[in-house]
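Shown next, in structure tokens, is the structure this report addresses.
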Amino acid sequence: MRVHRAVRAAALAEVSIGSVRSCASRPRFLCLNAASRGTGARVIGRGQGAQRYFSESRSVRAAAAEAVLKQAAADPSALSQETIIENLDHVERGRLARIRNIGIAAHIDSGKTTATERVLFYTGRINAIHEVRGKDAVGAKMDSMELEREKGITIQSAATFCDWVKKEDGKEEKYHINLIDTPGHIDFTIEVERALRVLDGAVMILCAVSGVQSQTITVDRQMRRYNVPRISFINKMDRMGANPFKAVDQINQKLRIPAAALQVPIGSEDSFMGVVDLIRMKAIYNDGPRGEVIRETDEIPESVQKLAEERRAMLIETLADVDDEIAEIFLDERTPTPEQMKAAIRRATIALKFTPVLMGSALADKSVQPMLDAVCDYLPNPSEVENLALDRRRDEASVKLVSYNSLPFVGLAFKLEESNYGQLTYIRVYQGSLKKGMNVFNARTDKRVKVPRIVRMHSNEMEEVPEIGAGEICAVFGVDCASGDTFTDGGLPYSMSSMFVPDPVISLSIKPKTTKDTGNFSKAMNRFQREDPTFRVHVDAESQETIISGMGELHLDIYVERMRREYKVEVETGQPQVAYRETITENVNFDHTLKKQTGGAGDYARVVGFMEPIEPGPTGYGPSKFRQEVTGGSISEKYLFACEKGFLASCEKGPLIGHPVLGVSMVVNDGATHMTDSSEMAFKNATQQAFRKAFKEARPQVLEPLMKTTITAPNEFQGNIVGLLNKRNAIISETEIGPEDFTLTADCSLNAMFGFSSQLRAATQGKGEFGMEFSHYAPAPGQLQKELVAKHEKMQADRHKK
């Protein structure tokens, strides 16, 4: 059967998409998701001619799908999304046209989870609304983790799906929406990154009082990184001081994307009642106990009539700047129809040239449904978004993924979660379909895995499904992989780029309180690292401490708390031990004799010489060196080698605070041996004793690591940041001031940089960023040196007591 199909496809391979479309005897659409098993299907109760015609038309469609796939691989830039959509089977086109993959992203406490709760209620996914910090102690549906409900924040992005019935012109159309609610805190930024990596559109929520805030700018940067079109929803319209038009202006100025309001509010603050739709010029109100009944009227209140007309004119003017069709109508001094305006808004939004702005209050159950209508009207469906993969057989050349069910499967694992049934892997299907029991290949490991279960997620609940089509989001069990892995059916050598993972900015040392918890501690560390790419764990080579690194103090606190709750492991955390060094500042002579007599052969060794500091070079203090200048053979060669071993062992753990020694030169120029009592061990020990004694006489000092710190922040915070660095005795080496941001480079002690990330955020309203890398060692302040020496001596005394 496969040979038969291959022969048929080869015979029709030259049939181009254009010629198929121009053939009058065949339909204009191409049935690309038709079953691909054999082309000679029987048609019962039909004539031989009809049977042959059906067989040939299916072959033509399969060849056309193959032609699109070949063009997508050979020249992705020449294959437009319009061509892909035009050649979709009408059933497949209808399915994709009613799918929306969207995320909800915003600044902390803008109302993302509250808005998502209303979306689920109005679409019938949940039967009752529960607030984020509600009195009933149930908590919002999407905050499924106990910690999220306690703290009233979103920690993990949560996925769900719902069906929204959109009513327009007396017709009802059902849209399938895959929705991801993301956290607002910068500490959990990876959750936003991986959600936006796989989504086709987003709803950016802003507070009507605060407008564009620091995390709104971060979210905007992430949306631009993944080319995600967005609509904006101004929430909290019932709050005192609500001003939606200030927020619209800030989107234009601070985010630098053209924006215009599609609605104006009826009433404000406590008296907020509804909105006026500027496209259709209708007033929209929410009735019913939870605002579930939408009431539309042509009667616009007189108090907002003038404002509505002004804002409608501004909307048309803004659209004329970003859309050619509206520009022509505007220049001809005609008024565009509502249909033309909607089409222009959709084109400009998908082209990332414009963001439509809607408004309402999720907590007051007002104007959430028009936002859902806007998601369906203006955000793209999966077939309208360009998704690229890399072809590993052609030096990772870009290829375009085509959202046809009939083509070979390509999907991306974007999030991992540990559940009661094992690892849960979230997958976005870009091409082809994923079926239960299907074998898929991991492009990173080249391993074949079977998909035992496919589920749709509804927060922490799941619904099993047998198959998921192109453009959908699902989760699978029993697939061992890492976040960002690409899966194919094995026929295509494709790999997709993973999401951007920022570097961690803060570290803590961590250890379990009791040794019996070590097993669970290791399990927790491994699981958290797999789930969260920004959570890093390593063991410090010097201090042998386990160090955890993350995006902020809250980020690490959450993981410590999760370890206690989920794994019953109590841990101790603290500042990581700083890698100090020791050196000397003066020359000193030594003459040390080791003489020990026991019953048999004793120990005898005498070493004479001097120790001196090595001047630091341009890269700082160099390694310590041993030199021998013995003349006359007073110490034999093998004993001199033992002296060098003793010196190197002493340099590993200095006498002052027990840290390695830098910049010291030890010269042995004389000594004495005994015929029977001298040994290599005796000379090694004698050198170590001489080193310790001389080191303490040579005015030793502690060296601390200085970090080259680079800080970037808006210009208005320059004074605050310089003040922060001065408190830490930092040496500012360079400042570069741009039109909006400035970059400052300074050398700062690592010890003084603990806790800097949270202080920088406070000083810059969350807009500042910093990075650190090791620069060189420099003498530590006198007070710190005294504290470190006293601490080391106390530890030594406690050890001797034991």
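Yeah, the Cβs are placed from backbone N, Cα and C, and that goes for glycine too.
Remember, TrEMBL labels are computer predictions, not curated facts.
Over in TrEMBL, the protein carries these features:
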DOMAIN    97-383  domain 'Tr-type G'
BINDING   106-113, 181-185, 235-238  GTP binding site
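The most densely surrounded of the binding-site residues Lys112, His185, judged by C-beta neighbours within 10 angstroms, is Lys112. Within 10 Å of the C-beta of Met237 (GTP binding site) there are 27 other C-beta atoms, taking all protein chains into account. On the 0 to 100 pLDDT scale, the domain 'Tr-type G' (97-383) averages 88 in this prediction.
If you draw a 10 Å sphere around the CB of Asp109 (GTP binding site), it holds 18 other CB atoms from the protein chains shown. There are 26 other Cβ atoms within 10 Å of the Cβ belonging to Ala106 (GTP binding site). The Cβ of Thr182 (GTP binding site) has 28 neighbouring Cβ atoms from other residues within 10 Å, across all protein chains displayed.
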